[in-house]
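I have placed the structure first, in the form of structure tokens, so that the comments after it can refer back to it.
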Amino acid sequence: MQILLANPRGFCAGVDRAISIVENALEIYGAPIYVRHEVVHNRYVVESLRERGAIFIEQISEVPDGTILIFSAHGVSQAVRNEAKSRDLTVFDATCPLVTKVHMEVARASRRGEESILIGHAGHPEVEGTMGQYSNPEGGMYLVESPEDVLTLNVKNDAKLSFMTQTTLSVDDTSDVIDALRKRFPKIVGPRKDDICYATTNRQEAVRALAEQADVVLVVGSKNSSNSNRLAELAQRMGKTAFLIDDATDIQEAWVKDVNCVGVTAGASAPDILVQNVIARLQELGGGDAIPLEGREENIVFEVPKELRIDAREVE
């Protein structure tokens, strides 16, 4: 049985930065460190940080005065940010810079009095944070998930209308929604550059190449990870059997029985150790050496806040 690895796969720059912020805060300030929401959507990462002293909460009221609070990579609304400011807390922001870019687009639209439409999944923390950047009572902020939602959407003034997208969506599905928006609201304005982040786009492109060769695709990622779910859906859409798994223990022998080629990828919040464990399990089930496919090289790095740079503190 051949094992192919999608390239790129796994951690993106925003996830790397968010995890480093929590790890460095624990090292510098000591436990406990409070984190609003799971810092990234991966069970292994969250449990590892919890064991080191991170406490994951959903409400700012759960955080004691005089402690450290970190916002997750998904971002928070202005209301949450203001609530944290009103408290005696030291706050660090692990929001992915590419999510912050979308926040700024919404805030600009709000200041200009434009109505805004966000393409995204209801209930996802990134969506809640992005929707919460809009504050103009004269305008409006709307959420759509599908072309069908666009057909039933009513706005106040379609001459002053803009759209943004969640960063972890399906590229294909989002394109369909944007087409529907432009058809329904011809004057709508979108971002200069697509809001779907480079890592989401690259990993979907990579899983497309993987699914062309593999009989079965395993996506390493947690069930609440938006970008991981999109990878599994894309492989399935290409006619391949695909499974979203937290780790190697989820693999069932029947999935790969009599299979010639298994493809493995990982969502942007899944660490490489989980991929290595999956490879080891597949090799126990008859797999050969893992062969990485060619793909886009990623060199993007997002710096952690200066106060949390371990190297800088050591130099001082």
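Using N, Cα and C of the backbone, Cβ positions are placed for all residues, glycine too.
Keep in mind the model is a prediction, meaning the values are calculated, not measured.
Going by what Swiss-Prot states, the [4Fe-4S] cluster site holds Cys12, Cys197, and the candidate of Cys96, Cys261 recorded there is Cys96. Swiss-Prot lists His41, His74, His124, Ser225, Ser226, Asn227 as isopentenyl diphosphate-binding residues, and of the candidates Ser162, Ser170, Ser269 the one it assigns to that same site is Ser269. Within 10 Å of the Cα of Ser269 ((2E)-4-hydroxy-3-methylbut-2-enyl diphosphate binding site), the following recorded positions from the list Cys12, Cys96, Glu126, Cys197 place their own Cα: Cys12. Surrounding the centroid of the Cβ atoms of His41, His74, His124, Thr167, Ser225, Ser226, Asn227, Ser269, where the record places (2E)-4-hydroxy-3-methylbut-2-enyl diphosphate, the chain contributes additional residues within 8 Å, namely Val40, Glu126, Thr168, Asn224, Ser228, Gly267, Ala268. In sequence order, His74, Gly75, Val99, Gly120, Gln166, Thr167, Thr168, Ser226 are the residues of the chain that are 6 or more apart from Glu126 (active site, proton donor) and have a CB within less than 8 Å of its CB. When the alpha carbons of Cys96 ([4Fe-4S] cluster binding site) and Ser225 ((2E)-4-hydroxy-3-methylbut-2-enyl diphosphate binding site) are compared, the span between them is 15 angstrom.
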